[in-house]
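Undergrad: Per TrEMBL, the features are:
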DOMAIN    10-83  domain 'Glycine transporter'
DOMAIN    105-180  domain 'Glycine transporter'
TRANSMEM  6-27  transmembrane segment
TRANSMEM  34-55  transmembrane segment
TRANSMEM  67-86  transmembrane segment
TRANSMEM  98-120  transmembrane segment
TRANSMEM  132-152  transmembrane segment
TRANSMEM  164-182  transmembrane segment
TRANSMEM  188-204  transmembrane segment
Amino acid sequence: MLVYSKIGIILEIIGTLAFASSGALVAIRKKMDVFGTVVLGVVTALGGGCIRDIILGINPPNMFRNSSYALQAVAASVILFIVFYYKSDYLKSDVLKSYENVMIILDAIGLGAFTVTGINTAVELGYTDEKFLLIFVGMVTGIGGGIIRDLFSNEVPFVFKEQIYAVSSFIGACFFLLFRNIMGYDTLLIGSALVVVITRIIAVRKNLNLPKIDYED
């Protein structure tokens, strides 16, 4: 699977940097110090993969055996902290808005990449027929870090209240299962990631949300 190994690595790096940046930005907005910023950045980028590995019985999790992604997350978090430390006015300007628009796209790419790598990890371990497991680990890899980030920052997890974030991951995982006997494996992996990315971006642009109950306290 040479095609996937090259594209997958690139997408994982982009996703890691995007998720780490989103975690760091939340920490900065919460006025956390540099340590808190790094911690939130790292858990956002690597938390989902760590949960996936625990579920699949990979011990210790890959994040502790391959430090490259952790170092990338730390670097992204520190750089972002330094930028906003010296340019705090960016937090109140159009620069931040432009940054957030870019982050939406990168975050969607990361979500797609991590959903696919989560499924692929389970497949490589021999779990080819466990449909629920494949969908679950794909989604956990994609959204787990964001849930941990929000819990650490004392917020209701974003995936439970805003747009169809987790559903985008779910749709991509289902695409994988539906077409795995039709498409070539490399094409299937890339296609599944694209489905997640496109679904997520459409949800943001159209402000699509799942139904929820609104009431006055």
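Placed from the backbone N, Cα and C atoms, the Cβ positions cover glycine too.
Source: prediction; values computed, not measured.
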Undergrad: When you look at the transmembrane segment (98-120) alongside the transmembrane segment (188-204), do they share 3+ Cβ pairs under 8 Å, ignoring any pair fewer than 6 residues apart in sequence?
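TA: Taking Cβ pairs at least 6 residues apart, the transmembrane segment (98-120) and the transmembrane segment (188-204) are in contact, with 3 or more under 8 Å.
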Undergrad: Any chance the transmembrane segment (132-152) and the transmembrane segment (34-55) are in contact, meaning at least three CB pairs closer than 8 A with a sequence separation of 6+?
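TA: Taking Cβ pairs at least 6 residues apart, the transmembrane segment (34-55) and the transmembrane segment (132-152) are in contact, with 3 or more under 8 Å.
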Undergrad: Would you kindly check 6-27, 34-55, 98-120, 164-182 and say which stretch has the most C-beta pairs under 8 angstroms to the transmembrane segment (67-86)?
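TA: Highest pair count goes to 34-55.
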Undergrad: Applying the under-8 angstroms CB criterion, which one of 6-27, 34-55, 164-182 scores highest with the transmembrane segment (98-120)?
TA: 6-27
